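Database features, via Swiss-Prot:
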type	residues	note
BINDING	R191, G192, G193, R194, T312, N336, S524, R585	CoA binding site
BINDING	G388, E389, P390, D412, T413, W414, W415, Q416, T417, D501, R516, R527	ATP binding site
BINDING	V538, H540, V543	Mg(2+) binding site
MOD_RES	K610	N6-acetyllysine
Amino acid sequence: MTDKQVYPVSPEVAERALVNKSQYEEMYRQSVEDPNTFWGEHGKRIDWIKPFTKVKNSTYDYNNLSIKWFEDGVLNASANCLDRHLEQRGDQTAIIFEGDDPSVSRNVTYRELYEETCKFANVLKDQGVKKGDVVTIYMPMIVETAVAMLACARIGAIHSVVFGGFSPEALAARIVNGKSRFVITADEGLRGGRAIPLKKNVDSALKHEDDAKVDKVIVVSRTGNDQVPWTEGRDLRYEDLMKNASAECQPEPMNAEDPLFMLYTSGSTGAPKGVLHTTGGYMVYASMTHQYVFDYHDGDVYWCTADFGWVTGHSYILYGPLANGAITLLFEGVPNYPDSSRMGQVVDKHKVNILYTAPTAIRALMAQGESCMDGTTRGSLKLLGSVGEPINPEAWEWYHRVIGNSKCPIVDTWWQTETGGILISPLPGAVDLKPGSATLPFFGVQPALVDNEGNILEGKTEGNLVILDSWPGQMRTIYGDHERFVQTYFSTYKGMYFTGDGARRDEDGYYWITGRVDDVLNVSGHRLGTAEVESALVAHDKVAEAAVVGYPHDIKGQGIYVYVTLVQGEEPSDELKKELVQWVRKEIGPIASPDVIQWAPGLPKTRSGKIMRRILRKIAANEHDQLGDTSTLADPGVVDELISSRAFK
């Protein structure tokens, strides 16, 4: 194996792993050669009210697009997360809640979660929620959010979770697009020691948008703030409604292809895009990927640091883990509050075995230095995961060495809101690891690299990442706009699902995600992935974070414009700029030499931590009057600072 450092599967990991290398190869072969047999068998991993007899019925034919899995089966997602476990593990912890305040935590058993879910399902029915209705959930990371999602699933309502950091405008757009008449929120959320005015934002959203026809707003008391505005007749207190609700509620029988939830992806421009996931295939896929990718064994304590407002929170805090009877940790706070040792403290406090987090969080801790883990042992950890964007090798190595004590394999998972679950990732007992590579496809997933004309490229190469055939967790449509679904994902390369990402494949068949295709630079006719240049910059010991975009260049077509955030204590200078240019030349080659370096106090990020390169491209091109939708920015002030300090006016 090449491509720099390789971490072979250790004997200890291999011994306890669910799948070894030869098993992975055989299972993968069957999954693509005979998907009906493979998924027919693995579809039985969840409980069916009426078993399916049909497995896969899908075609990527552009004129006849159809994606259906287990289509004659009947099931209920909440029953698969709760009821099926009551006999064997009713008294086992289902959710460990860790509050924003480190002194606040509690364990919720499967039986308690079942009873709360049934009660709230009855509350929703009493308020007029019916099967097929869209319920908007705008909540903090608390147990009641999990209850709300599961209660919707129990009665066949479609939940639409909107991240609690989104603005009233963004919330309003999602309520209107989903034709949602019911909103569940909290008086306030707590995050990093600050109160987030959720109820106030809901009120603003409903005033802001004339088309928002909301009948009921159910409000959970999180902070007990009695100053929140109240609209009699519309607003209802969660606690009052739950007092007399019955703890028995029969799960609604759902066809496998009935919708389970929708989740809006920001899309760089245009109307919100409501990604719709259905019940059967999604549950099979979320549960199976959770078990195999994280090598989950009974009793493991599993912590995914995502938010319910993102697909990672849906698939890998809630549905996947609970379907598997797992112990899942629900974290209200942020990794650096009250200080940067919090992540290590939570791991030690709850004896976390599996940690799944984002490169953004890892790089933020890296910038603080290794001392951020002082006073914590993290000795319980046996597996680490990464999600959200490609992880640069330097962050991978730091994560492995500092957080994982050099003993935990890292599963670098590549997937999307649209895919429902992980598509490319190592299985820890089967695949040797290369820092920065998502490695190999999961069962049933057939990735390919194509050129701009759609020709499939073989062997060691680089191109546009497509998937050649359907898998059970795949989205079925964009809510209310099937034509946009077909156009967005299936029109670029006919007969293939286009991911929008670029990738390279090395001589071992490993996939390396190079970033969104619009994040590929064409410098003097050479293709350069921005992730590659960013990786090189972040490898420099004075650089905390870097973002790379193209800008119009008279000679090269595109020049390389770099935004650099320095490590605490380092000072910007012209000498350091020259040093960084030489560093990149050394790491990648002269073709990758940055043309412009701008010092950045921070980078514009969405609330899920993704860098908004679209905005950085506009600033670099001096088009800051055309920034487009900035409602998803975590800190809009960063943009103003970058515009005022732009490297050339």
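Glycine is no exception: its Cβ is also placed from the backbone N, Cα and C atoms.
Known features from Swiss-Prot, placed on the structure.
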residue	record	contacts (Cβ under 8 Å, 6+ apart)
R191	CoA binding site	D100, P140, G164, G165, E332, G333, V334
G192	CoA binding site	D100, G333, V334, N336, Y337
R194	CoA binding site	none
P390	ATP binding site	P359, D412, W414, G436, A438, W512, I513, T514, G515, A531
W415	ATP binding site	V387, G421, I422, L423, I424, S425
R516	ATP binding site	G500, D501, G502, R613
H540	Mg(2+) binding site	E579, L580, W583
R585	CoA binding site	A592, S593
K610	N6-acetyllysine	T360, G388, E389
Cβ within 8 Å of the mean position of the Cβ atoms of V538, H540, V543: remaining residues of the chain near Mg(2+): E394, A536, L537, A539, D541, K542, A544, E545, A546, V564, L580, W583
DSSP state at V543 (Mg(2+) binding site), helix/strand/coil: strand
Which of G193, G388, the listed binding-site residues, has fewest other Cβ atoms within 10 Å: G193
Among G193, T312, T413, T417, which are recorded as binding-site residues, the nearest neighbour of V538 (Mg(2+) binding site) by Cα: T413
Set of same-chain residues at least 6 away whose C-beta sits under 8 angstroms from T413 (ATP binding site): V293, Y356, G385, S386, V387, I422, I424, S425, A438
Residue pair G193 (CoA binding site), T417 (ATP binding site) - Cα distance, angstrom, rounded: 29
Structural state of R585 (CoA binding site), classified by DSSP into three states: helix
Long-range Cβ environment of T417 (ATP binding site), under 8 Å and at least 6 residues apart: L263, T265, V275, W310, V311, M475
Pairwise CA distance, V543 (Mg(2+) binding site) versus T312 (CoA binding site), rounded so that it is a whole Å: 28
Most crowded position, judged by CB atoms within 10 A, among T312, N336 as binding-site residues: T312
DSSP state at N336 (CoA binding site), helix/strand/coil: coil
